[in-house]
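Note sheet for the following structure.
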Amino acid sequence: MSHEEDLIDYSDEELQTTDAAATTAAPAANGAQDKKGDLTVSGGRPDKKGSYVGIHSTGFRDFLLKGELLRAITDCGFEHPSEVQQVCIPTAILNVDVLCQAKSGLGKTAVFVLTTLHQLEPVPGECSVLVMCHTRELAYQIKNEYARFSKYLPDVKTAVFYGGTPIQKDVEVLSNKESYPNIVVGTPGRLNALVRDKKLSLRNVKAFVLDECDKMLDQIDMRRDVQEIFRATPADKQVMMFSATLSQEIRPICKKFMRNPLEVYVDDDTKLTLHGLQQYYIKLSESEKNRKLNELLDSLEFNQVIIFVKSTLRANELDKLLRECNFPSIAVHSGVSQEERIKRYKEFKEFNKRICVATDVFGRGIDIERINLAINYDLPADADSYLHRVGRAGRFGTKGLSISFVSNEDDEKVLKEIEKRFEVALPEYPEGGVDSSTYMA
């Protein structure tokens, strides 16, 4: 089988989400015989939730983490764990499986990064931790999180593998015992190709992590890759899955990979709002969008802004238009080469650019702390995508502002779906604008 087929780019808006209900098979005749990784969804109520250690910490020291990790946490400026970290970390470090839903920006990534680094006893030439996510940018970001939290753990080696780059470079890293990673982060297509070609050995994996798990398990082809990789790992490993959105349909599928997991739903489906985020919409025609966007960028105070559009073509055209209007922007989408995408991501992350035009490739998990304005130039197709998009502003409980353009009947339907799903009434953007103190930290 060619690598071209293996390295499908799952990361952009062209990927159509399959109906989760359609993937639900008939209940198994004997649930007790189900194996981890068996994707036949049993009927009935979910299994009893795993017990967990309740803790109300005032600091990360209460988790009894390695001293090297505590030093790195202090260097990063973190003083108090978030709610999801307080609930998950004390149990996760005891090797318990974890299924966690929590809003964007509440520190889910740090849960599995700190947990796996605390547990890790690196052995040269062995991969002990495997982390998968659905986009290259998110994989790159997770790798960087491992780098900053492992700064005082010099023996820990981390590598990131994803499609769009020459696979030979990955093979070279894996062929050298000196560079062989203890922690592997990557996208399912590339990782499955490396495993199938016997370049990456997973026989020593002790922790198996899926970030934005619903995005991967919703897609038939990506789920197949995840399942193949899962079966190449030992049966007694720890499994952790995280997302901002976990529907009732996807939860049983996730739990098929686990044994009596700790289930953490920091907010239920109707309360997945984002604290500190001011949310508005503007009704206008398609032809009025550019003028209105120009007005907003001129009048609003912001640190960095991300502008979401529905296609790569529109991203390129809008980016070009903004630069012609003297707004220094960049565009990030799947049509850009991998090397260029990472370069642009770093430019934006390092505050060299303040305006980013993006498709849904930037809609999940990407954590850039200075973003405090998100504009839906094109509304997404559903409420979940809306939540992930606007969650780029107001990360980790900080203030932020989101504005959505509503230009047709489909947009109005999505707006109503958002209001119904999250039990909020989105107000129309006021004619006089908004006070910057309500969204500027």
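From the backbone N, Cα and C atoms, a Cβ is placed for every residue, glycine too.
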Check: From 15-18, 135-138, 211-214, which range did Swiss-Prot mark with motif 'DEAD box'?
Finding: 211-214
Next item on the list: Tell me which range among 58-86, 261-289, 377-405 Swiss-Prot lists as motif 'Q motif'.
Entry: 58-86
Item checked: Annotated range (Swiss-Prot: region 'Disordered') out of 19-43, 169-193, 319-343 -> 19-43
Next item on the list: Would you count the other CB atoms within 10 A of the CB of Ser104 (ATP binding site), including those on all shown protein chains?
Entry: 26
